[in-house]
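Chemist: Not my notes, these are from TrEMBL:
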type	residues	note
DOMAIN	32-499	domain 'Major facilitator superfamily (MFS) profile'
REGION	1-23	region 'Disordered'
TRANSMEM	104-121	transmembrane segment
TRANSMEM	127-144	transmembrane segment
TRANSMEM	164-183	transmembrane segment
TRANSMEM	203-227	transmembrane segment
TRANSMEM	284-306	transmembrane segment
TRANSMEM	326-345	transmembrane segment
TRANSMEM	365-384	transmembrane segment
TRANSMEM	396-422	transmembrane segment
TRANSMEM	443-463	transmembrane segment
TRANSMEM	475-493	transmembrane segment
C-alpha cells in the first residue's frame, strides 16, 4: 500500500471503532450562497406581507355578512396561493432537472415581481384571489433552491447550509409581516408623510406591495449577475492533449507530472441518471413525507389562523389587535430566528442528528398550540377593565406571554422544517433526483396549504358562532392542531437513524461485467 493510501485510511478510519470521526467543516461558498439567499427572500416576504392587513382588506371589500364570516374569505384568499403552487411546483422541479436551476429561478422572480405590484391595485375580492393564484404559479422556487443548495454543499457543511434556506424563509416571513403591518394604509398611519398622496388613499395596500416587489427585483438582479448554475447538464469531452497525458497512468505507469492516484474531473464525469418515480417512493420516503404533510397541515392551520385570531374581538375569542400590532407580533420573532438557525440548530444537528432535531421541534409546538387560545381571556379582561392603556401592567404582561408563545412557535418551525428538509435531501439516492425529491416534498406541503386554511377558517367561524363548551369553543382549531402534532411526534420514533446521512454521497457497490484476470 502506498503512503498516500495509508494516510487516507488513517484519516478516514478512527483508531477506536466506537469513536466518531471528527471531520473539519468545509467553508461555506458564500459567492454562490448569498445570491441564492437573496433570491429566496422574495417569496416569503411577498407571501406574508398580506397577513397583518388581510382581515381589514376583506372588511374593505364589504363581502362578508358579519365579522365572524371574515375567516371564510381570508381562508379562500390564503389558499388560492397554495392551489396554483401545488399545480405547478412539480413541473418547476422537473424542469430545473432538465434545463438547470438558474433559468427556473430567474423566471420565478420575474413573475413574483410583476404580480406583487398588481396585488396592491386590487379593489375586489375576486381580483385579489386571481392575483394570489398568479403569485403561487411563480412561487415554486423553494424546491429548486433546496436542490441548488444541496448541490453546492458537502457532508461537512450541508446542515449549516441547508439551514440557511429556512432561516431566510423565517426572516423573510417576519420582515414581510412587519412591512404589511407597518406600511399598510399609510395615509392613515402616517398622515404627515402620505396624507396627501391620493394614490395611497385610493389603494391603501399598495405601499407594502411595492416594497415587496423591490425585494423581488433585488433578488432578480443578484441572480442574473452573480449566481452560477449548480447542475451539470452535459459532460464536456477532454481535449486530445488531456487524453494523451492520461495514457501513461492508464497503462499502469507514472511520470513525475502524472498523479499517483487518478483524479476524476467534472469534464470526465457523466451526469447521474434520474431514478424512476416508483423506485424513489420507497416505504420509508412515503412514511417521512406523510408525517411531514400532517405536520405541515397542523402548522398551517394555526399560521393562517393567527392573524385572524389576533384581529378578532376578544369577546369572540380573539385578541383584538390592530394591523400594526399584528405585524409587530409576527416580525419581532426575526431576532430569535437568526440565533436559532445559525447557532443552535447546526450544533444540535451535528451533535445529535437530524431526526433528534425534528422531534425536538415537534415537542416545542404542542405547548404553544395548547396555550395560545387562553390568551384571549387576558385580552377580554383588558377590554372590559380600566387596564386598556398601552403601558399598563396587564397589557405588558399580555405581550410578554404572547411573545413567549410566539418564540416557542418559531422555535418549533425552525427545528421541524429545517429537519424535514434535510431528511428529504438525505434520502435522495443521487444528486439527479434532488429536484424530484424536493419537488415532491414541496408538493405535499402545498397540498396541505390548500386544505389547512380552508378547514381552519371553517372551524374557526363555526366555533365562535356557537356557544359550545371547551374544547369546541374558540380553542377547537388550536387543540386539533396540537393533537395532530402529537401524532406526528409519536410516528417520528418509527423513522430510522439512516435519514441522518446524505445517501447520494454514500459509496455505492460497483458491479463489473468483466471477469477478473487469471
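Each Cβ is built from the backbone N, Cα and C atoms, and glycine gets one as well.
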Chemist: Are there residues at least six beyond either end of the transmembrane segment (164-183) with Cβ under 8 Å to its Cβ atoms? List them, or say none.
Modeler: 33, 37, 40-53, 142, 145-146, 149, 189, 207-208, 211-212, 323-328, 330-334, 337-338, 341-342, 410, 413-414, 417-418, 421
Chemist: Limited to the domain 'Major facilitator superfamily (MFS) profile' (32-499), I'd like the whole-number average of pLDDT.
Modeler: 81
Chemist: Hey, which bits of the same chain come close to the transmembrane segment (365-384), Cβ under 8 Å, at least six residues off its ends?
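Modeler: Sequence-remote neighbours of the transmembrane segment (365-384) are 298-299, 302, 306, 309, 313-315, 317-320, 392, 394-395, 397-398, 401-402, 405, 408-409, 412, 416, 474-475, 478-479, 481-482, 485-486, 489.
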Chemist: Are there at least 3 C-beta pairs under 8 angstroms linking the transmembrane segment (104-121) and the transmembrane segment (203-227), leaving out pairs fewer than 6 apart in sequence?
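Modeler: Checked: the transmembrane segment (203-227) vs the transmembrane segment (104-121), in contact.
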